[in-house]
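> This is the structure, below, for whatever I ask next.
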Amino acid sequence: MTRIAPQDPQVLLEMIQSRLFPFPKRHFNAAQDLDPPDILALLDLADVFVELNRRTNKKLDLLKGRTQVNLFFENSTRTMSSFELAGKRLGADTVNMNPRTSSVAKGETLIDTAVTLNAMKPDLLVVRHSASGAAQLLGQKVGCSVVNAGDGQHQHPTQALLDMLSIRRAFGHVDSLTVAICGDVAHSRVARSNVILLNAMGANVRLVGPPTLIPGDADEWGVEVYHDMKAGITGANVVMMLRLQLERMDGAFIPSTREYFRYFGLDREKLAVAAPDVRVMHPGPMNRGVEIDSEVADDLSISLIQDQVEMGVAARMAVLASLAARLETDR
Amino acid sequence: MKQSQPIALVNARLIDPASDYDGLGSLILTEGVIAEVLHTAHLPSGSADMKVIDCDGKVVCPGLIDLRVKTGEPGAEPKETLKSASRAAAAGGVTSMVVQPDTDPVIDEPAMVDFILRRARDIELVHVYPAGAATKGHNGKQMAEIGLMSESGAVYFTDVENPIINSKVLARVLSYANGFNALIAHRPKEPWLSDGAVATSGEMAARMGLSGVSALAERIALERDLALVELTGARLLVDQITTAGSIKAIAQAKAKGLDVYASTSINHLVFNEIDIGDYRTFYRLDPPLRSEDDRTALVEALADGLIDVVVSNHTPLPAEDKRRPFSEAEPGAIGLQTLLAALIGLHHDRDIPLIDLLRTVTINPAQLIGLEAGRLAPGAPADLIVVDIDAPFALRESDILSKSKNSPFENRTLQGKVELTLVDGRIVYQA
């Protein structure tokens, strides 16, 4: 990977156009929609967007005239803002919609929503829904491109892409790195997407957590499974913490947050067994003192958590721009 | 506190199930541990300050490890305290006991585990280990702090008489405990079938007009528990099997290679439903006493090694809980003082080798909960007993050291008397 030095706007635009490629599919539903060359191409494109986002004038007109609808059935300020900024910086007209999940809980009503949307003729539809498979269902019913911004416990592929961008920028490569994904894997769409992308790019992936929070068949995902945190992060280059779904605490998955922190919370002591160059990640929002100690989360020499937020906008710009490029070729 | 003066037990019949040795021998104890095990009647030489005890051919074996003991402490001290239970244990040859967490408050957090261990240290008689609750307050809903309690010294986790009805919760408890290699003990009891029952259903209960529960209630619950073990790969101690049907299920689970162990109570090996014939509430137990066929099947399973552990299920209950009509009396019996003699009775009556019987109260429970005790080996704690296995005695109420006197063995003749009990090389009981 080559770092891009600040250059004049015209050069930057040329770099973007030279790296821009039509997305391989009409929708971006899941991490497995991408082959390694696509992943690399998206990361290279995102690198240029990072530079663009650090300039005063961040706007392009790549998506000029395009309509992007952010359809968030489930609340998520971070992800929605990230997609909204990404669209706006590319020149799209963005609209945010927050339909109440309860009124569209059934498949039929989700399809009704699709019919309504179709009538509005958007070009890009960014969907977040609490049900696994909801984005895919919408993709079958609408004429535009759908980006899955998180569906139930299934996938969150743009998060995995931004995580990989953060890792690649920190280490210069992804292959051969040992990445430990720790915590509530069972309920995590982030983990599922990351496992696929990281495996595809040649990283050694480990899943770490109590047996109640690791899916039973996870050992068949091409990862190593650990139930002991220290063993799981020993020698790891990246320790990716997951948010513990506190709202699920009454479901008897773990005894208490204090016990969870004692055995699976990331603090300096546990982190000492990781590789000397270790970087810590978290998709946010964090439960401080539950899955991660503030001392670790806020240490900028090891934490990539702020970088992840910044990379989120760039990675999503890369996805939206590539999907729009495909729309051009489809035309 | 460990004994500093060396002790030699000579001219003994050593029985050590851990090494499969049953024969003549002597032991040297120093600094609270077994220093030497000799397969000769006498020592080649001994130091001048050594105390030599001639055992006169009597049995010397590891002290008993009783995995299921209830005390009233904390919360119901008038029934039994850790101290009174410890005295009864020492007299019965029990050198380690695991107290159950269904106290008031329930032992469901590390501070409570610590409390029990601290009290036991102060009493300084036998070893006392707490079991922790599997779910908070035994509510069957929210998992207790299994990891933190393990670290504080809880040796296994159980909801005692409240089986976890919700299969999802039990699956998660088993699965979570597996991550800590923690042992879960779970009593198989189908709650709806068992509801309101005070005896095993059948001719006896019907004739006596007692509400009965089918022996099947145990097997139904057991089959579910075993299926969940298969699902989670966890370690499970099936807490008290009492029926022939359960034995078959355990045998199948073991044949499949599941990490499953079974215990039974001494009461169910010795008594049957006929014993409740006089409505004597000392025989009101939970699980209720079963048919003779079930009892015989249990004894055979014990002889075959299918039952791993025998427990006293020591449950002290004062007169006000027992001196009631049969169906209104609290279920349970004390047993720390009679566990060994009743087991030896099975040897005398059924010719089961003593070494096989002792295995279920020494090395097997020790291995299950990870104790160094329970064996006659150099370096092992000097927790030992000297027993005259032929000496007959009748247990009188006045002999009972527990605060509660609810013993079904009262006034029965037993054979096999503890003469000496040592814990960490200290003599804690002498007949």
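Please read every residue number as a count from 1 along the shown chain.
Using the three backbone atoms N, Cα and C, a Cβ is placed for every residue, glycine included.
Any TrEMBL annotation is an automated prediction that lacks curation.
The shown structure was predicted, so the numbers you read here are calculated from the model rather than taken from an experiment.
According to TrEMBL:
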- A:26-168: domain 'Aspartate/ornithine carbamoyltransferase carbamoyl-P binding' (DOMAIN)
- A:Arg78, A:Thr79, A:Arg128, A:His156, A:Gln159, A:Gly284, A:Pro285: carbamoyl phosphate binding site (BINDING)
- A:Lys106, A:Arg189, A:Arg243: L-aspartate binding site (BINDING)
- A:177-322: domain 'Aspartate/ornithine carbamoyltransferase Asp/Orn-binding' (DOMAIN)
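For each feature listed, report its degree of burial, its nearest neighbours and the pertinent distances within the displayed model.
Its own atom aside, the Cβ of A:Thr79 (carbamoyl phosphate binding site) has 23 Cβ atoms within 10 angstroms in the protein chains shown.
Classification of A:Arg243 (L-aspartate binding site) by DSSP places it in coil, neither helical nor stranded. In sequence order, A:Gly183, A:Asp184, A:Ser188, A:His282, A:Pro283, A:Gly284, A:Pro285, A:Met286, A:Asn287, A:Glu291 are the residues of the chain that are 6 or more apart from A:Arg243 (L-aspartate binding site) and have a CB within less than 8 Å of its CB.
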> Reported as an integer number of Å, what is the Cα distance between A:Gln159 (carbamoyl phosphate binding site) and A:Arg189 (L-aspartate binding site)?
9
> Using only the Cα atoms of A:Arg78, A:Thr79, A:Arg128, A:His156, A:Gln159, A:Gly284, A:Pro285, which the record gives as binding carbamoyl phosphate, return the largest interatomic distance in Å, rounded to a whole number.
16
> Hey, for the carbamoyl phosphate site built from A:Arg78, A:Thr79, A:Arg128, A:His156, A:Gln159, A:Gly284, A:Pro285, who else sits with CB inside 8 A of the CB center?
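Everything else in range on the chain: A:Ser76, A:Ser82, A:Ala149, A:Gly150, A:Val190, A:Pro283.
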> DSSP-wise, what's the residue breakdown of the domain 'Aspartate/ornithine carbamoyltransferase Asp/Orn-binding' (A:177-322) into helix, strand and coil?
63 helix, 24 strand, 59 coil
> Residues with Cβ closer than 8 Å to the Cβ of A:Arg128 (carbamoyl phosphate binding site), same chain and 6+ apart in sequence?
A:Leu71, A:Phe72, A:Phe73, A:Glu74, A:Ser76, A:Thr79, A:Met80, A:Ala149, A:Gly150, A:Asp151
> Relative to the Cβ position of A:Arg189 (L-aspartate binding site), how many further Cβ atoms are located within 10 Å?
21
> Could you measure between A:His156 (carbamoyl phosphate binding site) and A:Arg189 (L-aspartate binding site) for me? Cα positions, answer in whole angstrom.
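One finds 5 Å between the Cα atoms of these residues.
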> Could you tally the C-beta atoms, other than its own, that fall within 10 angstroms of the C-beta of A:Gly284 (carbamoyl phosphate binding site)?
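For A:Gly284 (carbamoyl phosphate binding site), the 10 Å Cβ neighbour count is 17.
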